[in-house]
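Look at Swiss-Prot and you will find 1-25 tagged as region 'Disordered'. Under the heading compositional bias 'Polar residues', Swiss-Prot lists 1-17. Annotated domain 'Radical SAM core' per Swiss-Prot: 52-303, in sequence order, evidence recorded as sequence analysis. As annotated by Swiss-Prot, [4Fe-4S] cluster 1 binding site applies to Cys66, Cys70, Cys73. Residues or ranges marked as S-adenosyl-L-methionine binding site in Swiss-Prot: Tyr72, Gly120, Thr172. According to Swiss-Prot, the [4Fe-4S] cluster 2 binding site annotation covers Cys297, Cys300.
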Amino acid sequence: MTPPVTGSSVTESTPTKAKSGGCGCDTSTTVEMDEKLQERIAKHPCYSEEAHHHYARMHVAVAPACNIQCNYCNRKYDCANESRPGVVSELLTPEEAAHKVLVIAGKIPQMTVLGIAGPGDPLANPEKTFRTFELIADKAPDIKLCLSTNGLMLPEYVDRIKQLNIDHVTITLNTIDPEIGAQIYSWVHYKRRRYRGAEGARILLEKQMEGLQALREADILCKVNSVMIPGINDQHLVEVNKMIREQGAFLHNIMPLISAPEHGTHFGLTGQRGPSQKELKSVQDQCSGNMKMMRHCRQCRADAVGLLGEDRSQEFTKDKFLEMAPEYDFDKRQEVHEGIEKFRVELKVAKEKVLAGKEKTANNPKILVAIATKGGGLVNQHFGHAKEFQVYEVDGSEVSFVSHRKVDHYCQGGYGEEATFDNIVKTIADCKAVLVSKIGESPKEKLLQAGIQTVEAYDVIEKVALEFYEQWNKG
């Protein structure tokens with residue numbers, strides 16, 4: 001599984017760079033995790049940025065009901081064409097969900113995590129949620145179990161979560177100020193009563209804090225998701241970040257608001273915009289010195305299947321997976337995982353070799369590059385086939401993951417669509433180069449005209465990025 005090394009090629013024409021510019025951002029201030037914690041998340045693609053290059057996850061949609069109404073959410077139970085939280089193609093019973101997991105565990109042996117994240121709240125549907133976990137824990141003990149919740153009912157179920165060996169819990173926590181919460185939540189339903197405004201937000205916050213503390217006491221890892229909403233909580237998220245760290249969260253995922261009008265959410269229908277890439281990164285960077293930040297979130301559907309950035313859910317719709325025999329094979333899965341871990345060791349050695357001797361220099365400007373990758377920590381995807389680009393920051397001595405940016409794939413039916421290409425250019429306009437396995441002459445020339453160079457390679461991301469940077473830095 002050693003990554004092939006074939007070198008790289010850079011477009012011959014090199015636009016002059018501004019030495020004092022760079023990307024105007026900084027991801028260098030990071031918080032490292034201790035070795036024991038890294039071992040616990042080593043195969044969890046949502047909790048580990050490195051693992052998401054190699055391991056897959058799946059969500060099962062067994063929890064339709066929700067006990068709060070967020071202004072950014074509109075749950076849909078029969079939707080196949082939207083990619084966002086709260087959306088599924090179909091609901092499942094716990095038994096159907098368990099069957100689906102066993103089928104996919106055989107078809108995709110690198111799938112290591114089963115999560116329940118909706119389309120409502122798992123803890124507003126406790127019987128279905130815990131029955132599903134019980135079935136999977138019994139039949140597929142090597143699969144990690146995790147759930148995502150708004151936290152309202154979390155204090156009541158931490159003991160049950162611990163009993164089932166659910167080691168990873170995500171809480172969506174958008175504010176620690178009830179007045180701000182009143183602008184985010186339409187209502188909160190608690191103990192058979194519906195609360196609105198700041199009162200509802202206060203109750204939710206109290207239960208979130210209680211739940212977070214209870215998770216810490218139970219030694220259950222907690223990630224906090226926060227939706228960044230410009231003009232409402234964007235300037236407040238640094239305070240949220242400090243508070244959740246004090247309460248025991250180990251990872252913070254600040255996500256952009258999705259507010260397209262066609263999704264039918266309150267914010268979408270009232271014109272509330274989401275943050276720009278620059279605004280999102282600025283807030284993430286402000287928080288990065290306080291605790292570990294998650295930057296590789298894909299804001300998945302509640303029935304997502306596959307690697308992050310790869311949704312294979314339509315391959316396993318109910319009419320299909322119910323006709324498939326479970327192929328779960330513990331020994332085969334372990335063999336696949338051993339191969340992945342061997343490759344990860346080789347990849348780590350390759351990265352260390354690339355970075356060896358690279359001294360950090362304050363004078364080196366930082367730049368962004370876009371990567372076309374199918375996973376594995378490699379530049380290994382054709383430009384025209386990419387449905388997203390991973391963006392990295394490079395400064396000559398370090399290569400740091402920044403974000404992913406979704407695009408429509410350029411080559412459809414063998415031809416490139418002009419509107420799609422224009423959108424790609426807009427999406428990666430702040431990047432100095434796009435690193436791909438292959439690209440046609442026409443899009444290469446058009447990118448160069450837009451000030452974006454191309455590098456063709458099939459190699460370790462860090463190696464290709466640093467080689468480009470060295471050439472770029474020479475002017």
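For all residues, glycine too, the Cβ spot is worked out from N, Cα and C.
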Looking only at Cys70, Cys73, Cys297, which of these binding-site residues has the biggest number of Cβ atoms within 10 Å around its Cβ?
Cys73
Rounded Cα distance in angstrom between Cys297 ([4Fe-4S] cluster 2 binding site) and Gly120 (S-adenosyl-L-methionine binding site) is 19
How many whole Å apart are the CA atoms of Cys66 ([4Fe-4S] cluster 1 binding site) and Cys300 ([4Fe-4S] cluster 2 binding site)?
18
Rounded to an integer, what is the Cα-Cα distance in Å between Thr172 (S-adenosyl-L-methionine binding site) and Cys70 ([4Fe-4S] cluster 1 binding site)?
11
Taking all protein chains shown into account, the Cβ-based neighbour count within 10 Å for Cys300 ([4Fe-4S] cluster 2 binding site) is 25
Over the domain 'Radical SAM core' (52-303) the mean pLDDT stands at 91
Expressed in Å to no decimal places, the gap between the Cα atoms of Cys73 ([4Fe-4S] cluster 1 binding site) and Cys300 ([4Fe-4S] cluster 2 binding site) is 13
Cβ proximity for Tyr72 (S-adenosyl-L-methionine binding site), under 8 A, sequence spacing 6+, ordered by residue number, returns Ile184, Val227, Ile229, Leu257, Ile258, Ser259, Thr265, His266, Phe267, Gly268
